[in-house]
Amino acid sequence: MELVEAIILSVLAASTPLLIAATGELVTERSGVLNLGVEGMMIVGAACGFAGAWLTGSIFIGALFGIVAGTMMSLFFALMALGLAVNQVATGLALTILGVGLSGLIGAGFVGERITPAVHLSIPGLTDIPLVGRVLFGEDAFVYFSIALLVGVWWFLYRTRAGLILRACGDNHVSAHALGYPVLRIRTLAVMFGGACAGLAGAYLPLAYTPFFIPGMTAGRGWIALALVVFSSWRPGRLVVGAYLFGAVTILQLHAQGWGVGIPSQFMSALPYLATIVVLVLLSRARSGGSTAPAALGTVFVPDR
Amino acid sequence: MQLVLEKRAERSGTIALVSPLIAIGLTIATMVILFAILGKNPLLALHAYFIAPLTDGYSLQEIAVKATPLVMIAIGLSLCYLANAWNIGAEGQFLIGAVAGSWIAVRTQGTDAGAWVLPVMLVLAAAAGALYALIPAICKVKFGASEILTSLMLVYVADLFLDYLVRGPWRDPHGFNFPTTAEFDPVATVPLLIEGGRLHFGSILALLVVAAAAILLGRTIKGFEIRVVGAAPRAARFGGFKADRLIILTFAVSGALAGLAGIIEVAGPVGHLQPGISPGYGFTAIIVAFLGRLNPLGILIAGLFLALTFIGGEQAQITMKIPLDVTKVFQGILLFYVLACDSLILYRFKLVFPNRQVTSGAG
């Protein structure tokens, strides 16, 4: 029982950064923009988040640093891909290459330092309930926030007029423009939201997952978050399933290594990446009848006037 | 008053030529600011980065050595990008090529195997790189899975596989437990061009690849097909060109070139297989491809320039204690500026005054 609880807890912890980053990217992509720079924004968020928390001693301020850093990175992207109509795939790659360098530069002074990680909720009585107590009432603030964020995004996309307009931009930017909606402004806001989420997701790693910063600590999570958005068919509801499934694969391989299964650890570590490929193939195949991606995803839009 | 983009009637030839130079200029200006923030003398830092490596023979050879994998990978990537196929996993194909070629080197170690070893290593590495690149290509063509994500995921897999080999079955028994194979035998090593120098035969091969790509793109139907499929997919369909087959072909060629670059790096400058054989060649080659405007000759020049930043970065770290990550930041910023300047080939900036337009329309 103890072990089951421990596994569920660690799955939640491993899934949360994926969920936050993927939620942000989902909003960006629903507006028609493909920002491949999630990994770059996340790793800068991780470095700045740790720097903020280490300098101020506050996890909250650290998280804010991460959010601001991710948003600023995404503004670079918006300036290029939306302002200058540059190819979005190439710009996203540039953002990742830049992010990896910047995070190394920012984080260099903090390697080897430790902070007190984010505190976990503790409600006497409730948190002590066996099996479900710590899972439901003993998480850190990031985990609860990630769920709230996802519900908020679902509500925004499907229950508000602004969400409808954002989806219209993603499906047909010419029509949205003709109706008088400021397509580029809406997309810029969506890209900024994606950047803020990626920055927060990155900051989660050194603030709650491990209490220290190491260069390259995102280890491809930004790319997996991008794959999760495809997995979810661009729907927030399925995103949560995908994120926890991937968290489970990550934890499973860690535990399998601990149990001394006779498979080299490197093969187990490769599982999340291989799982991503398998899932992408299976899903893309199942969807052969027609794509569920936003119709204008990744296309350049220069308004005529 | 508002600044907007306006599509040019036709591509601007002048800007196409000068845009990489503008981008480099803007990047250097940005670096001056970055050096100042880091508290380093910008002029001395720029000297260490761009001038010092050009002043001695050893560094010049080292630039050619570093440019070799960059140019070979970037030529392959440029074919993919021209055909609108997004292979960003060249780093993984590089590593798998290095592993496949090293297999022969490790198996023949200490035996009296003859001169056939190196050619077989090269062929095997190219084949392995091509096969590894075919995984994302086939997933794309058969199942519609994003080749961007699958090719990138395979980088991590290749990295872990190499790590397993050099820590496990292929580890040098006399290597003091370091994760590395034993030094390759002379027959499994790329010959040097200058006795006692650094320049090796691989650089000649890279030049041949550049020439072959220039002929392919400029003189053959296949090259024309690649460019049409990328630039005008609809026209290509009417012309009967099969985009799917080109995705497979360009991925296979770029994978083969990346794999070849991998084994040349291992059997050449490094001399044995170990983790960290690539300081991100596969990703830097993406920058090289774009900086070279996806043109073979341009890629050769861009490859030499980015190799210069690697060598300059190492020198600046030694002489001025500038962190190595500055080189990555430099490369990232450079790609940003290159892409931004490219936008000016197709568009021009225009100031619009919305209010005035309304009044003139009414009058």
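Positions of Cβ are set from backbone N, Cα and C atoms, glycine also.
Please treat TrEMBL annotations as automatic predictions, because they have not gone through curation.
Positions annotated as transmembrane segment by TrEMBL: A:6-27 (among others).
Look at TrEMBL and you will find A:34-55 (among others) tagged as transmembrane segment.
For the transmembrane segment (A:61-86), the residues of the chain that approach it from at least six positions outside its boundaries are 33, 35, 37, 40-42, 44-54, 92, 94-95, 98-99, 115, 142, 184, 187-188, 191-192, 194-200, 202-204, 207, 300-302, judged by C-beta separation under 8 angstroms. Per TrEMBL, transmembrane segment is recorded for A:61-86 (among others).
Annotation comment: TrEMBL describes A:93-112 (among others) as transmembrane segment.
Under the heading transmembrane segment, TrEMBL lists A:141-158 (among others).
Listed as Cβ neighbours of the transmembrane segment (A:189-207) (distance under 8 Å, sequence separation of 6 or more from its ends, same chain) are residues 16-21, 23-25, 27-28, 30-31, 33, 35, 38, 41-50, 52-53, 59, 62-63, 65-75, 77-78, 81-82, 115, 117-118, 142, 149, 166, 213, 217-218, 221-222, 225. The feature transmembrane segment is assigned by TrEMBL to A:189-207 (among others).
Annotated transmembrane segment per TrEMBL: A:213-232 (among others), in sequence order.
Annotation comment: TrEMBL describes A:239-256 (among others) as transmembrane segment.
Nonlocal intrachain contacts for the transmembrane segment (A:262-283), taken as residues 6+ away from its ends with a CB within less than 8 angstroms of a stretch CB, comprise 220, 223-224, 227, 230-231, 233, 242, 246, 249-250, 252-254, 256. Look at TrEMBL and you will find A:262-283 (among others) tagged as transmembrane segment.
At the 8 Å Cβ threshold, with sequence separation of at least 6, the transmembrane segment (A:239-256) comes into contact with the transmembrane segment (A:6-27) through 3 or more pairs. Counted as Cβ pairs under 8 Å, contacts with the transmembrane segment (A:93-112) are highest for A:213-232 among A:6-27, A:141-158, A:213-232.
The transmembrane segment (A:34-55) and the transmembrane segment (A:141-158) are not in contact, since fewer than 3 Cβ pairs between them lie under 8 Å (pairs 6 or more apart in sequence).
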